Amino acid sequence: QGIFVLGLPYALLHSGYSGLFLIILAAALCCYTGKILISCLYEENEEGQLIRVRDTYEDIANACCKKLSPKLGGIVVNVTQVMELIMTCILYLVVSGNLLSHSFPYVPVNEKTWSVIAFVTLLPCVFIKTLKIVSKLSQLCSLVHFIIILVVMTYCLTQVHQWSWAKFRLSIEFEDFLVSVGVIIFSYTSQIFLPTLEGNMKNPGEFRYMLNWTHFFACVLKTTFALTAFLTWGEETKEVITDNLPSFLQTLVDLCLLTKALLSYPLPFFAATEIVYTCISRGNHSNYRSPLFALGIRGSFLLLTLLMAMFIPYFALLMGLTGSVTGAAMTFLLPSIFHLKLKWKKLSFLEKCADISVFILGFLCSLAGIVCSIKGLIEVFG
């Protein structure tokens, strides 16, 4: 459950009844691609038992591309993962600066300066060495997230007398619909973290059940939240739904969102730095495996996210362009290709059709997102 959830009511504004269907469809598709991705980690032995022969997304990619080049697939996947994770970190910094400027409008400080202040609180991230610390921060992040959802939904329920199904659109604009598709699909994406998550489970055999239940509950929460918020504000629904709240609640929620953004930062940051550090230290050079070198990588990444958040104009549009490429690739395109490549002989006709359909859908979503983002950039720079 990420910050994208707060944009779902706005997505419903532009997609109408089809948006409700998309929230359910996206949950089913993301759950499916998560399962087929994890199945690519396993192969059957001579006795017909499934054995985990691969550990990471990179290993799967290398296995698929070994005839072409032993490491090509892994390089493509790692570059894509790091790009998406870094962009996510930068987005959290930008959001933090924006929230601080809204929460303290009387302080004569601009958004970039607030981003620097938020960055200072994130400096301890360079000392994070294990997922244990990240998981504790993520737990706090989840708690804050549910507080935000609870506050918004409680306020919406007090306005139930204003609700009207007539607020839903029957006709939709194609470009607005594409924006809605992007927000809804990317509110579910988690494929980057799944191989590591499955490998660290006490009972990996329960992974499929875990994925089913988490996506089911995510779907129920997203649908309920988006629906109640949209029925409350209708045509006045803003891009981030918390902006619709009355001022006495908005400051409280903005501070909660700020806390959530700062607590969300360590997970993508840790994942990105671990990928880079693992790739560099894979050789026999002992200097590259020293704690000081790892500290240097984390420090460099931290500084990079700040500089990009400060100096790249129109970051939101660039984020949309990158997300359309990397998000769709990691969530739909690559899992379906890898599954077809590694399991072709064992797949039924229906399973092959499902994988091909997911690939085509992912390609169309990616293409549409790229076109919309480039059009937006041309309009801005034009």
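From the backbone N, Cα and C atoms, a Cβ is placed for every residue, glycine too.
Now, the feature entries from TrEMBL:
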type	residues	note
DOMAIN	1-374	domain 'Amino acid transporter transmembrane'
TRANSMEM	20-42	transmembrane segment
TRANSMEM	75-94	transmembrane segment
TRANSMEM	114-131	transmembrane segment
TRANSMEM	143-165	transmembrane segment
TRANSMEM	177-197	transmembrane segment
TRANSMEM	209-233	transmembrane segment
TRANSMEM	292-312	transmembrane segment
TRANSMEM	318-338	transmembrane segment
TRANSMEM	358-378	transmembrane segment
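Sequence-remote contacts of a segment are chain residues at least 6 beyond its ends whose Cβ falls under 8 Å from one of its Cβ atoms, and for the transmembrane segment (177-197) they are 2, 4-5, 7-8, 10-12, 14-15, 18-19, 22-23, 26-27, 29-30, 33-34, 37-38, 41, 54-57, 60, 81, 84-85, 131, 215, 218, 222, 267, 271, 320, 323-324, 327-328, 330-331, 335, 365, 368-369, 372. Within the chain, the transmembrane segment (75-94) has long-range Cβ neighbours (under 8 A, six or more residues past its boundaries) at 57-58, 60-61, 115, 118-119, 122, 192, 261-262, 264-265, 268-269, 271-272, 275-276, 279, 301, 304-306, 308-309, 315-316, 319, 322-323, 325-327, 329-330, 334. When each of the listed stretches 20-42, 114-131, 292-312, 358-378 is scored by C-beta pairs under 8 angstroms to the transmembrane segment (209-233), 20-42 comes out highest. For the transmembrane segment (20-42), the residues of the chain that approach it from at least six positions outside its boundaries are 8, 11-12, 50-55, 57, 59-60, 63, 180-181, 184-185, 187-191, 194-195, 198, 207-208, 211-212, 215-216, 218-219, 222-223, 226-227, 331-332, 335-336, 338-339, 342-343, 354-355, 358, 361, judged by C-beta separation under 8 angstroms. Outside the transmembrane segment (143-165) by six or more residues, the chain places 1, 5-6, 221, 224-225, 228-229, 231-232, 234, 241-242, 245-246, 249, 252-253, 256-257, 259-260, 263 with a CB less than 8 A from a CB of the stretch.
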